[in-house]
Amino acid sequence: MRVNKKYSCLPAEEKGIHIINIRAIEDIGYDQHESTLLNSLSKNPDADCKYGLYFRDGKRKVDYILVYHYKKSSAGRTLTRRVHHNDSSARSTKQDQPLPGKGVQLEMGESEPHVDYHEDDKRFRREEYEGNLVEAGLELERDEDTKIHGVGFVKIHAPWNVLCREAEFLKLKMPTKKMYQINQTHGLLKKINSVIQKITEPIQPKVAEHKPQTVKRLSYPFSREKQHLFDLSDRDSFFDSKTRSTIVYEILKRTTCTKAKYSMGITSLLANGVYSAAYPLHDGDYEGENVEPNDRKLLCEEWASYGVFYKYQPIDLVRKYFGEKIGLYFAWLGVYTQMLIPASIVGIIVFLYGCATVDENIPSMEMCDQRNNITMCPLCDRTCSYWKMSSACATARASHLFDNPATVFFSVFMALWAATFMEHWKRKQMRLNYRWDLTGFEEEEDHPRAEYEAKVLEKSLRKEHKHKETDKEKLTWKDRFPAYLTNFVGIIFMVGLTFAIVFGVIIYRISTAAALAISSTPSGRSSVRVTVTATAVIINLVVIIILDEVYGCIARWLTQIEVPKTDKNFEERLIFKAFLLKFVNAYTPIFYVAFFKGRFVGRPGDYVYIFHSFRMEECAPGGCLMELCIQLSIIMLGKQLIQNNLFEIGIPKMKKFIRYMKLKRRRSLDHEEHMKKKQRYEVDYNLEPFAGLTPEYMEMIIQFGFVTLFVASFPLAPLFALLNNIIEIRLDAKKFVTELRRPVAVRAKDIGIWYNILRGIGKLAVIINAFVISFTSDFIPRLVYLYMYSENGTMHGFVNHTLSSFNVSDFQAGTAPNDPMDLGYEVQICRYKDYREPPWSENKYDISKDFWAVLAARLAFVIVFQNLVMFMSDFVDWIIPDIPKDISQQIHKEKVLMVEVFMREEQGKLQMLETWKDNGKKKGENCNNHSPRLSRSRSGSLSSCHSYPLDV
């Protein structure tokens, strides 16, 4: 067998290193030859291969790593890593040629005391799979001589011809030699842009990819037949590490292993434990002395550092290193964070307006005026006594901070803000698609998942056993019906569980309020409401955080039993279930306070009871908006601080420490091996595996809901979201660069289903804010009183108008206060917040006409507000084009230039053909002037005068 000179044989004395070399293959249609298994040794192998970034020859770059566990006795450790080669093996056929790891059992012979058939099965699967990878054109090198005992690594390298072939299959757009000028702004816009660039220069990252470009290379899907169009002057850098790993991963996914019952690519082998991990390598170290410059180190300095929190993100470098899908996530997060700046400023202004006008608010002044001497009815039966309205002065003043006319304006502003944000992101996304050469990219159907293939195989075998049919099967809705039923029942149960927990917290609030009213001192009774509210919200927060983790696992399990066909289908179904459960979990307590608390209380003498003993909760005299604000702020801030930040920092650190301790116990006691510097793939193996972007998107989507859904009750929500996101960007960046294995780069042109979820939340926010303003706040009752009942056109008398009267003699038996003289005087008439007829009326305690007037105004406001804001949002959506004008011009320009390139190429071919024809005619005329006899050539062969060579 011929061996390529480039990969010549090396001394076979190094233990544990097996190399699979293959013959170089032609660019179009390769011929598969026998692979050769070699043992390599160099004077300083770790330095030659840059500590695992290259093969042992120091020339071939490691594009991907497969990791597996193996078991063997210590006595046979040396033998199991050595494979002998002789002349006969070199002359053997491909079927007899040993793959990495073959021949081990032959060498062990009778020294093997115990045979582990499970491990042998895994080893046979690995041998076949790796052999198939070699047949696909990849080059492999095995390393079991590592610091991690019992763990072997298979290094994979894709040669040039394989990269070209797969790039053509995947239709990867690559830069051509043709360069063109990007359209620049002129006149006033150019001056404005130059001024903005000078102002923002200190906050720009210091990376080459982030600098504004004036020229751009024309891109075209790679083709081996048109290689002359591309700039191949430096083949080593033409395909970057991201592209190389993507190509190798595509080969890994489609390469089969037929020895197993079902094995469709690397995913099934990982699921069955044949391999324990598969990942591309990071570019190098990001810290330490004498570290060579690399993209990872640059990202760590200019992106994944808290010291650069004020700078823009180097999105192009992020995309270059991690791929388009992760780049789009961070680009979206950056746009979202930037858009939160104006929302935060307006929210602060609204809050400051409430603070400035609190002393001028007539309703709160009337509530705080002790001269009014308004006696309120008890808040609970028997144990609670009558109380003065002036004791709720602090709550009323605090409610005005969030319940004022500016809140309505802020709700309208945030609805338009959400629409503007979505349009701004679509335009930004188009710019990135143009810059990243994704304008013509269309996602093709992915390979079927391993679980789906297993289910189909099981169905086909069962059907073949019964009916002897061998047609290709697929899963139908009948096959998935049990899974669908389980999903439906499971989701209903989880939603019911959330409602039950919220109901339990309601019981806690009612019983705790009654208990504190009995035992508290007179000074403590005034703080009962605040104490109960704060403790209940903390309980809700703890439950939400716990259930979030539980629901995430349940959503994944429910999606797995559905057996979706592709990874994209799996991800979309998982996102839908997880978002539904987490949305209900996070917002149910807030929905209760906003729309249900205080609505079904009843009235004194005819209260509504739970379990015949607990009275339903009432809102404070100033309304439930203040309590809604407390609930929203504590849950939002606590969720961000504990779940999003502490968990993201603490859990990866804990997992890394546990993994380090396990490896430390398994590590050999050999001091020389302990002091040896780890290879790159060993270091990356100790990092946390990449779990996808779903958790990252999910926490931001839930936060987006907090910012938009109930913003009428908490204008400072955008500010706290902004502060959290500034930290979140750097925290996620640090996690991706330093804590996680490098993920496989995935091409994507948008953020997928998350965009539809964002649009849905934006539409829902308009409706919810309309109901919050109408039914939770006192905005509508104040307007009704001001324009229908006020005698002097002011708010004087509003508090008295919202209170109804009750004769204490109408209390049901056993519900009157135990101490009716607690205030120092006998109470005959107490007041409660409702619109009802007084006790001296013919229809006493019936709902009054004022209630219906206010209700009609509230419903009218909901309809007008919703339709007006929806129309304004749609108008913003219509007036802002999805594709920026300059980008559409550049895309059109690229098409025109590409047509010109191909037209010139065709013209060149035609001219060459014309030249050949002219040369042929001239030679034919010369031959006609002589006799058509045969002439003998110099070499002695006979040739006709009419035959002539063409040099193509």
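One is the number of the first residue shown, and numbering goes on along the chain from there.
Heads up, the Cβ atoms here are built off N, Cα and C, so glycines get one too.
Summarising the annotation, TrEMBL assigns compositional bias 'Low complexity' to 931-944.
According to TrEMBL, the domain 'Anoctamin dimerisation' annotation covers 54-315.
The feature domain 'Anoctamin transmembrane' is assigned by TrEMBL to 318-894.
The feature region 'Disordered' is assigned by TrEMBL to 78-106 (among others).
Look at TrEMBL and you will find 921-952 (among others) tagged as region 'Disordered'.
Tertiary proximity for the transmembrane segment (329-353) is limited to same-chain residues at least six positions away from its ends with a CB under 8 Å from its CB atoms, namely 312-313, 315, 318, 401-402, 404, 406-407, 409-410, 413-414, 417, 420-421, 424-425, 428-429, 432, 693, 696-697, 700, 704, 707, 711, 715-719, 721-722, 725-726, 728-729, 732-733, 751. Residues annotated as transmembrane segment in TrEMBL: 329-353 (among others).
The transmembrane segment annotation in TrEMBL covers 406-425 (among others). Residues 332, 335-336, 339, 342-343, 346-347, 349-350, 353-354, 707-708, 711-713, 715, 718, 755, 758-759, 761-762, 765-766, 769-770, 772-773, 777, 779, 865, 869, 872-874, 876-877, 880, 882 of the same chain lie 6+ residues outside the transmembrane segment (406-425) yet bring a C-beta within less than 8 angstroms of a C-beta in it.
For 484-510 (among others), the entry in TrEMBL reads transmembrane segment.
Annotation source TrEMBL lists transmembrane segment at 530-554 (among others).
Feature annotation from TrEMBL assigns transmembrane segment to 574-595 (among others). Under 8 Å from some Cβ of the transmembrane segment (574-595) lie the Cβ atoms of residues 487, 491, 494-495, 498-499, 502, 505-506, 537, 540, 544, 547-548, 551-552, 554-556, 558-559, 624, 627-628, 631-632, 635, 639, 694, 697-698, 701-702, 705, 709-710, 713, 753-754, 757, 768, 771-772, 775-776, all in the same chain and six or more residues away from its ends.
Per TrEMBL, the feature transmembrane segment maps to 700-723 (among others). Within the chain carrying the transmembrane segment (700-723), a Cβ under 8 angstroms from the stretch's Cβ atoms is held by residues 333, 336-337, 340-341, 343-344, 346-348, 350-351, 402, 407-408, 410-411, 414-415, 418, 579, 582-583, 586-587, 590, 594, 625, 628-629, 632-633, 635-637, 639-640, 644, 754, 757-758, 761-762, 764-765, 768-769, 772-773, 776-777, all 6 or more beyond its ends.
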Q. Cβ under 8 Å to the transmembrane segment (530-554), counting only same-chain residues 6 or more beyond its ends: which ones?
A. 490, 494, 497-498, 501-502, 505, 508-509, 512-513, 516, 578, 581-582, 585-586, 589, 627, 630-631, 634-635, 638-639, 642-643, 695
